[in-house]
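Lifted from Swiss-Prot, the feature list:
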- F14, S15, G16, G17, Q18, D19, S20, A21, T22, C23, L24: ATP binding site (BINDING)
- C202, C217, C220, C223: Zn(2+) binding site (BINDING)
Amino acid sequence: MSQILQHDAALVLFSGGQDSATCLAWTLSRFARVETLGFDYGQRHAVELDCRDRLIDGLKQIHPDWANKLGDAHTLSIPTLATISDTALTRDVAIAMGADGLPNTFVPGRNLLFLTFAAALAYRRGIGGLVGGMCETDYSGYPDCRDATLKALTTALNLGMATDFELHTPLMWRDKAATWALAQDLGGDALVDLIREHSHTCYLGERGARHDWGYGCGECPACQLRAKGWREYREAGTAT
């Protein structure tokens with residue numbers, strides 16, 4: 001090994017969305033040192049990046065002991081991703097389903113690039129854990145969110161950097177209702193309310209329209225998944 005990594009430390013891919021906010025809480029409950037990394041890649045919903053500070057402040061209030069675990073908050077600018085992509089996340093076009101069965105919100109290579117940049121940063125910081133909110137249970141079919149893809153990439157990164165990163169994807173087999181339930185388990189109603197009010201999911205960057213599950217247009221695939229998960233989470237809570 002060319003670099004000794006601390007496996008009680010983790011770098012969380014933290015966009016400011018529901019999934020990454022839940023993953024950050026999950027990581028803080030398990031690791032001794034936690035840093036975060038967000039990406040500004042020309043996304044239409046860049047407002048998500050503005051949500052991160054509020055979420056971090058809220059997490060510190062909910063669990064004061066987490067404040068001592070939180071380290072640097074990193075942001076990388078990679079506008080080239082928008083330059084080479086022709087998608088509804090990086091262009092002002094209507095969201096639609098493509099002929100390949102994927103929505104045109106799919107940004108080819110996005111998660112592959114994100115994790116590669118994250119690994120390079122973690123290598124320099126001596127961090128052994130990488131944490132991402134990817135999921136193939138309740139998602140839009142993106143191939144770079146799949147468990148097999150991410151395991152293969154982790155193997156390639158470890159071979160290419162001669163090291164031993166561990167990739168953690170705590171939401172991989174959870175649907176959106178289970179993600180809300182995980183937030184409840186980690187921080188009670190306070191964490192659920194924090195994520196509902198201050199995380200951002202909407203692909204169109206809408207923060208003016210308030211719903212019971214949070215803010216968003218209510219129509220894009222991301223909003224629909226979040227709304228469906230919230231409804232099922234609430235119904236399950238009522239049933240019990």
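Even glycines carry a Cβ here, placed using N, Cα and C.
All features noted in Swiss-Prot, drawn onto the structure.
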{"residue": "F14", "record": "ATP binding site", "contacts (Cβ under 8 Å, 6+ apart)": "S20, A21, C23, L24, T36, L37, G38, R52, A73"}
{"residue": "G16", "record": "ATP binding site", "contacts (Cβ under 8 Å, 6+ apart)": "G38, E48, L49, D50, C51, R52, L55, S199, H200"}
{"residue": "Q18", "record": "ATP binding site", "contacts (Cβ under 8 Å, 6+ apart)": "K176, T179, I195, S199, T201, G214, R226"}
{"residue": "T22", "record": "ATP binding site", "contacts (Cβ under 8 Å, 6+ apart)": "G133, P170, L171, T179, L182, A183, L186, I195"}
{"residue": "C202", "record": "Zn(2+) binding site", "contacts (Cβ under 8 Å, 6+ apart)": "H45, Y215, G216, C217, C220, A222, C223"}
For L24 (ATP binding site), the number of other Cβ atoms found within 10 Å of its own Cβ: 27
Zn(2+) site shell beyond C202, C217, C220, C223, criterion: Cβ within 8 Å of Cβ centroid: T201, Y203, L204, E206, G216, G218, E219, P221, A222, Q224
Shell list (ATP; ref centroid = CB of F14, S15, G16, G17, Q18, D19, S20, A21, T22, C23, L24; cutoff 8 A): V12, L55, G133, S199
